[in-house]
Amino acid sequence: MSATVEFARMNGLGNKILVVDMRGRSDKVTPAAAVALNADPQTEFDQIMAIHDPKADGTDAFIDILNSDGSKAQACGNGTRCVVQALAAETGRKAFTFQTVAGILNAIEHEDGTISVDMGKPVFDWDRIPLAEEFHDTSRIELQIGPIDNPLLHSPSAMSMGNPHAIFWVDKDVMSYDLARFGPLLENHPMFPERANITLAQVTSPTTMTTRTWERGAGLTLACGSAACSAAVSAARTGRTGRKVKINVASAKPPAMLSIEWRERDDHVIMTGPAEWEWSGRLDPATGCWSRDDAREVEAQ
């Protein structure tokens, strides 16, 4: 095993996150290591958030994000909150600025332990989401699943929140749909040349929504922060809600809410929610071999 690094198993609303400290190193967590870690029931995850030394002035770190299949992700809101909690515990600071491949993220930990992340501006242009076909209005695109005359799902809102999202509006409980069956079909639909995150969204009031997500590169997930942001923005964009909503993530464990604001003054999306540390260890970023840090657990207790 090469020199190991510290990592923490965390979650954001049940979204399984591995936060890996790669600071001071020039190598990266490899796709092979990600696949190996996800194959182990003790370390299976939705995203890896690898913290690297900053590359840009005015930032605290560069965050490299991997999905459980080893592919790259551009954004992960729940994972970003986990990184903030980990670094706040380490440094005593509350505010951080991160660079990702999708851009700059600003985040702050509040006194109540919740964390707000400025996810930046949403993208609606069809060729920047991207979509395979030109749509003048991406708030409702032509896509459906099921019989032509009685589709199960149809006419999603499409956008990017650093990564591509399709939001399907439903009237029934989002848990009543077999998302595990048709999620992969929609994720890999030819309409999405870079694949897409697929979310079912039910508007329950002008200020509340319920969502469930099939995550690109990770599959059926307990929660997805960028999907919640995309659902909130798409709901406001189509007149279903206002710009401030509470998102009930239907499959989150434990049950919890995300607060999303699509800020009018600058169009930035602000996501606020919890993060939770579970346990820590060390891993080889090349192979995914790992060990648990029992001493840290005793200290935390």
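Positions of Cβ are set from backbone N, Cα and C atoms, glycine also.
Swiss-Prot names Gln47, Asn67, Gly77, Asn78, Asn163, Asn197, Glu215, Arg216, Gly225, Ser226 for binding substrate. Of Asn11, Asn15, the residue it gives for the same site is Asn15.
The number of other Cβ atoms within 10 Å of the Cβ belonging to Asn15 (substrate binding site), over all protein chains shown, comes to 31. For the pair Ser226 (substrate binding site) and Cys76 (active site, proton donor), the Cα-Cα distance reads 6 Å. With all protein chains in the displayed structure included, the most crowded Cβ environment within 10 Å among the active-site residues Cys76, Cys224 is that of Cys224. Cβ-based neighbour count (10 Å, all protein chains) for Asn78 (substrate binding site) stands at 34.
If you take the Cα of Cys224 (active site, proton acceptor) and the Cα of Asn78 (substrate binding site), they are about 6 angstrom apart, rounded to a whole number. Cα of Asn15 (substrate binding site) to Cα of Cys76 (active site, proton donor): a distance of 10 Å.
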